[in-house]
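Below: one structure, written as structure tokens.
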Amino acid sequence: MTELLTSAQMRQIEQAAIDSGAVTGLELMERAGAGVVEAILAEWPELGQGAHRAVVLCGPGNNGGDGFVVARLLQERGWDVGVFLYGDAEKLPPDARVNYELWRKMGAVSSWEDLNAEQTTADLFIDAVFGTGLTRPLPEELGRELIMTATPDKTTTKVVAVDMPSGLCADSGKMLGGGGDFSDLVVSFHSAKVGHYLDRSYQRCNSLVVKDIGLDHVFDESQVHLVDQARLSDDSFPGISKRKFDHKYTHGHALILSGGFGKTGAARLAARGALRIGAGLVTLGVPGAAQMEVATRITALMLTRVEDASNLAEVLEDRRLNALCLGPGMGVERARDLVPVALAARHGPRVVLDADALTAYADCPETLFAMLHANCVLTPHGGEFARLFPDIAERLNKEPTRGPAYSKVDATRDAAARAGCVVLFKGPDTVIAHPSGACSINAAVYDREAPWLATAGSGDVLAGFITGLLARGFAPKQAAETGAWLHVEAARSFGPGLVAEDLPEELPKVFRRLGL
Ligand SMILES: NC(=O)C1=CN([C@@H]2O[C@H](COP(=O)(O)OP(=O)(O)OC[C@H]3O[C@@H](n4cnc5c(N)ncnc54)[C@H](O)[C@@H]3O)[C@@H](O)[C@H]2O)[C@@H](O)CC1
Ligand SMILES: Nc1ncnc2c1ncn2[C@@H]1O[C@H](COP(=O)(O)OP(=O)(O)O)[C@@H](O)[C@H]1O
Ligand SMILES: [K+]
């Protein structure tokens with residue numbers, strides 16, 4: 001399993017290892033620098049042959065210390081290396097100072113004032129100015145200089161950031177101050193940082209590599225999980241497979257409430273998603289006016305008439321309906337009518353609220369929060385999130401003046417605590433939080449990009465995936481994580497040209513690849 005750390009958690013892990021006598025700070029710095037060089041040569045094997053030119057920008061802290069190690073190791077490989085220091089060598093922290101001195105025996109350190117685009121022409125550009133220690137916004141001119149030197153028309157220069165692209169907050173991925181650079185590769189240490197997977201980070205970096213530097217840590221709930229295959233194979237997760245002695249009711253019965261005539265597509269997408277992900281039975285709850293429209297377009301899906309609130313209450317007398325989905329294409333008035341009934345159902349079915357079921361409460365989120373229970377999942381995109389949690393969204397969207405900045409992880413945790421249920425906040429960086437604070441990120445970034453998901457109806461399918469998994473007995477947070485992960489897998493498996501209908505139909509291929 002992969003845990004993402006904040007800078008404070010990383011510092012604590014590093015300090016504990018040093019205090020235990022297992023390792024020194026200097027050894028960690030040497031391993032970090034060696035890790036950066038290793039990652040560079042793995043990414044661009046051609047740089048392993050012959051001599052090249054590198055420019056290393058070092059900052060005033062230990063990130064700069066890593067930079068001096070990288071400069072030394074590259075020069076030992078016969079490279080021509082130019083080093084620039086931002087700050088005062090006298091004030092470097094002890095380990096960085098040792099590496100500064102070691103480098104000084106091999107080469108010069110130019111002052112920052114000499115930095116210009118011409119001087120920094122190189123095959124490789126190393127940004128070791130700030131890492132996890134950046135707390136104040138970058139001075140504006142420094143941000144500009146970084147951009148100028150790292151990204152003029154040097155199409156052949158590879159830009160590598162040590163730990164974090166300088167200027168980005170390691171906890172939130174936000175930019176502190178203006179500027180900050182673009183990196184072809186970020187090399188981090190021990191574990192990726194939460195900020196690598198949020199906000200600007202993945203927009204500014206092409207790829208992320210994490211190098212082992214011999215540290216260990218014990219997981220605690222304050223850490224954030226990255227949703228990956230290992231996470232979903234955890235013993236605490238129900239498997240996605242079906243067992244040979246199962247029958248359809250073992251896998252639950254989902255009810256997806258649709259909108260009216262001409263508005264049933266979204267619910268049908270969700271229903272198809274719920275069925276493909278393995279719910280035993282899936283029924284669409286449709287108003288009379290839309291009955292023909294839906295009936296002519298479904299086969300394995302079933303249909304029941306749900307005209308209004310009292311109708312829904314009758315339908316929910318069937319205790320086998322154990323997972324409900326409300327919102328996709330529903331219309332806000334129908335949502336206001338049906339959501340309270342769904343949330344009050346006595347046998348406690350699990351409930352996914354998406355789209356219109358969230359927007360319906362934009363004027364009175366507290367009314368919704370009062371009805372929600374622990375078996376609910378809310379799946380807002382950015383706009384819906386801001387309607388239900390305006391103050392949290394405002395805090396999240398505010399330009400930070402210092403780090404660690406308020407992040408999408410903080411915002412989703414706060415929203416889940418307020419709502420009293422699981423909140424899945426969508427995006428390429430989908431954050432899933434439980435009211436207890438347990439939190440995961442399902443990332444569609446770096447080597448898991450899935451930009452074709454930005455298509456109408458893909459969110460409806462996600463709501464259906466989660467509903468289907470809830471019907472199958474997954475707990476709300478497990479269903480949200482698993483559904484979101486499979487959603488990205490399906491999109492990646494289908495590839496360019498994807499439309500929402502393709503997502504459920506791609507699942508069998510994904511399942512086969514997973515060996516189910
Ligand atoms: N934590 C660990 O386990 C390890 C950390 N290492 C390196 O150490 C880095 C963290 O080092 P530090 O904590 O020294 O932090 P950084 O080197 O990231 O930066 C902190 C320094 O920058 C200054 N600073 C912060 N904001 C500034 C601003 N806006 N303008 C000017 N100066 C500013 C601070 O006063 C401090 O001197 C990591 O990113 C990593 O590169 C590695 O050496 C290996 C192990
Ligand atoms: N660029 C992107 N990369 C990865 N996933 C994306 C991207 N854009 C959108 N998504 C995902 O696609 C889905 C879109 O959902 P939503 O905005 O509700 O759309 P709709 O309402 O049209 O169904 C979400 O799961 C979101 O995380
Ligand atoms: K850096």
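Counting starts with 1 at the first residue shown.
Cβ atoms here come from the backbone N, Cα and C positions, even for glycine.
If you look up TrEMBL, you'll see 10-221 marked as domain 'YjeF N-terminal'.
The (6S)-NADPHX binding site annotation in TrEMBL covers 62-66, 131-137, Asp163, Ala266, Gly329, His381, Asp460. Sequence-distant contacts of Asn62 ((6S)-NADPHX binding site), defined by Cβ-Cβ distance under 8 angstroms and a gap of at least six in the same chain, are Gly25, Met29, Pro93, Asp95, Ala96, Gly131, Gly133. In the three-state DSSP reading, Asn62 ((6S)-NADPHX binding site) counts as helix.
Annotation note: Ser166 (K(+) binding site) sits in a coil segment as assigned by DSSP. Residues annotated as K(+) binding site in TrEMBL: Asn63, Asp127, Ser166.
As annotated by TrEMBL, domain 'YjeF C-terminal' applies to 231-514.
According to DSSP, Lys426 (AMP binding site) sits in a coil region rather than a helix or strand. There are 22 other CB atoms within 10 A of the CB of Lys426 (AMP binding site), with all protein chains counted. The annotation AMP binding site is assigned in TrEMBL to Lys426, Gly427, Pro428, Asp429, Thr430, Gly459.
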Output field, AMP shell: CB within 8 Å of site CB centroid, site Lys426, Gly427, Pro428, Asp429, Thr430, Gly459 dropped:
His381, Phe425, Val431, Asn442, Ala444
Are there any residues in the same chain, six or more apart in sequence, whose C-beta is under 8 angstroms from the C-beta of Asp429 (AMP binding site), and if so which?
Gly173, Tyr197, Leu198, Asp199, Tyr202, Lys408, Ile441, Ala443, Ala444, Val445
Of Asn63, Thr132, Asp163, Ser166, the binding-site residues listed, which put a C-beta under 6 Å from ligand 2? Please answer none if none do.
none
As a check: which entries in Asn63, Thr132, Pro428, the binding-site residues, place their Cβ less than 6 Å from an atom of ligand 3?
Asn63
Drop a 10 Å sphere on every Cβ of the binding-site residues Asn63, Thr132, Thr135, Thr430 and tell me which sphere holds the fewest other Cβ atoms.
Thr135
Listed binding-site residues with Cβ under 6 Å from ligand 1, out of Lys426, Pro428, Thr430, Gly459:
none
